[in-house]
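According to TrEMBL, the protein carries these features:
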SIGNAL    1-22  signal peptide
TRANSMEM  288-310  transmembrane segment
TRANSMEM  354-381  transmembrane segment
TRANSMEM  387-407  transmembrane segment
TRANSMEM  427-449  transmembrane segment
TRANSMEM  461-483  transmembrane segment
TRANSMEM  511-537  transmembrane segment
TRANSMEM  543-566  transmembrane segment
TRANSMEM  578-603  transmembrane segment
TRANSMEM  615-648  transmembrane segment
Amino acid sequence: MRMPTIYWASLLVVLFVHACNAFYLPGSYMHTYSNGEPIFAKVNSLTSIETELPFSYYSLPYCKPNGGIKKSAENLGELLMGDQIDNSPYRFRMNINESVFLCTTPPLSEHEVKLLKQRTRDLYQVNMILDNLPAMRYATQNGVNIQWTGFPVGYTPQNSNDDYIINHLKFKILVHEYEGTGVEIIGTGEEGMGVISEADKKKASGFEIVGFEVVPCSVKYDPAVMSKLHVYDNISSVNCPLDLDKSQIIREHERVSFTYEVEFVKSDIRWPSRWDAYLKMEGARVHWFSILNSLMVIFFLAGIVFVIFLRTVRRDLTRYEELDKESQAQMNEELSGWKLVVGDVFREPDCSKLLCVMVGDGVQITGMAVVTIVFAALGFMSPASRGMLLTGMIILYLFLGIAAGYVSVRLWRTMKGTSEGWRSVSWSAACFFPGIAFVILTVLNFILWGSKSTGAIPISLYFVLLALWFCVSVPLTLLGGFLGTRAEAIQYPVRTNQIPREIPARKYPSWLLVLGAGTLPFGTLFIELFFILSSIWLGRFYYVFGFLLIVLLLLVIVCAEVSVVLTYMHLCVEDWQWCWKAFFASGSVALYVFLYSINYLVFDLQSLSGPVSAILYLGYSLLMAIAIMLSTGTIGFLMSFYFVHYLFSSVKID
């Protein structure tokens with residue numbers, strides 16, 4: 001009876017494999033175009049590294065598409081990031097090189113001139129998308145070739161008060177001929193591997209778009225001549241003028257004509273490699289330096305932890321090995337510090353409910369970060385899928401509410417010895433970090449609303465987020481809390497005395513040591529933090545998730561080691577109040593992250609202008625620092641808890 005089952009299962013697998021095409025992970029499915037087939041570009045929000053406030057493309061007097069403006073369907077992440085993707089009148093026909101007229105605006109009003117000048121001087125970029133590829137612009141600055149995504153709204157020449165609008169675009173579209181040979185592509189996004197599969201061999205041949213480059217120009221046209229033309233009429237090719245007299249000035253009552261030309265160029269770049277131009281990993285040596293630096297810190301701390309465990313094991317072995325009395329006396333003297341707090345080491349800490357809630361939320365955030373980065377490192381969340389990273393993080397966070405509830409309530413039961421009050425703990429865990437995030441984002445959202453930015457979250461999305469919070473996250477956290485009441489409570493290896501032991505006076509405050517401990521995890525993190533902040537605030541693509549995964553693992557190890565060493569140091573001086581100190585020993589890295597964010601604002605984001613932009617930056621940085629504090633603090637506390645439990649259960653106390 002077993003053979004037929006295996007046979008049918010094998011046959012089913014073979015049929016399934018035969019029927020399935022291979023797939024390409026980073027981004028959308030491959031689309032082939034035939035000669036002359038029309039392709040329309042899309043436009044995203046206007047963005048600036050000076051203000052960090054995105055605005056709608058059609059907030060400026062640009063040409064509108066014939067059928068009216070239509071918004072593209074956007075995911076949760078795109079909406080939260082302030083993306084607003086609309087259709088555009090820019091039409092290309094596959095493999096047809098042409099120069100095309102779009103439209104001539106009515107005379108510019110005072111308001112439009114003011115807006116255009118403001119957007120130009122704030123260095124706003126137009127972000128255009130074709131077949132899911134952003135427009136790429138190459139420029140030479142001080143002899144170095146620089147690549148940008150998007151092109152400026154306009155420019156202001158040096159020593160001039162006049163502004164000029166970009167109204168002519170020269171597009172170069174790289175295409176790769178697809179033969180339809182049955183070779184399907186599967187890739188991880190960073191390298192892109194070609195995998196030959198026995199897929200559908202009848203797939204139609206055509207051309208894939210593998211590159212989208214733009215050269216922006218400002219050209220002054222004669223409005224009388226241009227007004228006679230209709231949309232998509234052919235015009236003669238234009239060379240970008242170098243003289244300002246031949247460029248289109250932004251001035252009241254001026255009529256601006258918009259034109260573009262397109263050139264199709266055959267390329268050897270294949271579909272899975274088309275994002276390589278955007279994802280060129282710069283500073284690989286710096287990433288490796290960061291990792292080697294972290295490894296040195298880890299080995300140093302691991303040595304200290306090893307010495308600590310070696311001493312405790314030696315103390316335990318003296319029960320079974322014959323040593324002279326002098327050696328035993330010396331050993332007892334060495335270990336007398338932590339041995340004296342045996343009756344207080346598991347005493348319930350101050351604000352125990354808050355600690356349980358913060359540890360639960362920390363587990364939720366850490367789980368979300370680890371799973372997201374692992375999936376991103378495997379290529380499932382590439383920049384080709386805009387907003388997927390943020391959407392994935394939110395969904396993971398919602399469903400990991402069950403872990404937050406479980407850990408919070410189980411820790412509460414361990415400290416209290418009873419399940420009483422578990423509902424309150426679960427509710428607090430469900431509302432603590434999301435509540436902080438909600439308050440910060442609401443304040444920032446009112447600022448964005450006041451600036452009329454597309455980065456403001458719409459009211460409808462607010463209700464969606466609230467529904468996800470209270471209809472998904474809260475019930476799952478309560479379910480996790482219920483499971484925590486059913487789980488076996490962690491048993492302490494020693495009993496706690498009724499009267500607390502007095503903690504000896506110190507020469508220096510313990511919080512100084514706790515704050516200093518955060519420098520070691522920060523040393524692991526700060527180089528990678530620079531690349532992440534550049535990705536968020538300078539509009540660069542961040543795609544070295546492999547490095548980020550390694551740095552995350554090293555950070556977890558360093559946080560665990562730092563907290564264990566600090567906890568042992570406190571126990572040795574008869575300080576049994578170790579719980580909060582263990583949490584903040586590794587959690588204090590968040591303070592350094594926030595201070596580094598301020599340093600980045602002052603020295604690397606010097607172009608950031610206005611108090612609104614600075615408040616937005618600091619608000620998001622504060623939210624990131626709180627999340628890091630909960631995550632790293634939880635790692636430190638849980639490792640210290642395991643260490644203390646192991647220490648007092650493995651060593652026999654007289």
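Cβ coordinates are placed from backbone N, Cα and C, and glycine is handled just like the others.
All TrEMBL annotations are machine predictions without curation.
Most Cβ pairs within less than 8 Å of the transmembrane segment (511-537), among stretches 354-381, 427-449, 543-566, 578-603, 615-648, belong to 578-603. Between the transmembrane segment (387-407) and the stretches 427-449, 543-566, 578-603, the greatest number of Cβ pairs separated by less than 8 Å involves 427-449. With a cut-off of 8 Å between Cβ atoms, the residues of this chain six or more beyond the transmembrane segment (578-603) that come close are 345, 349-351, 355, 358-359, 510, 514-515, 517-519, 521-522, 525-526, 529-530, 533, 537, 558-560, 562-563, 566-567, 570-571, 614, 617-618, 621-622, 624-626, 628-630, 632-637, 639-641, 644.
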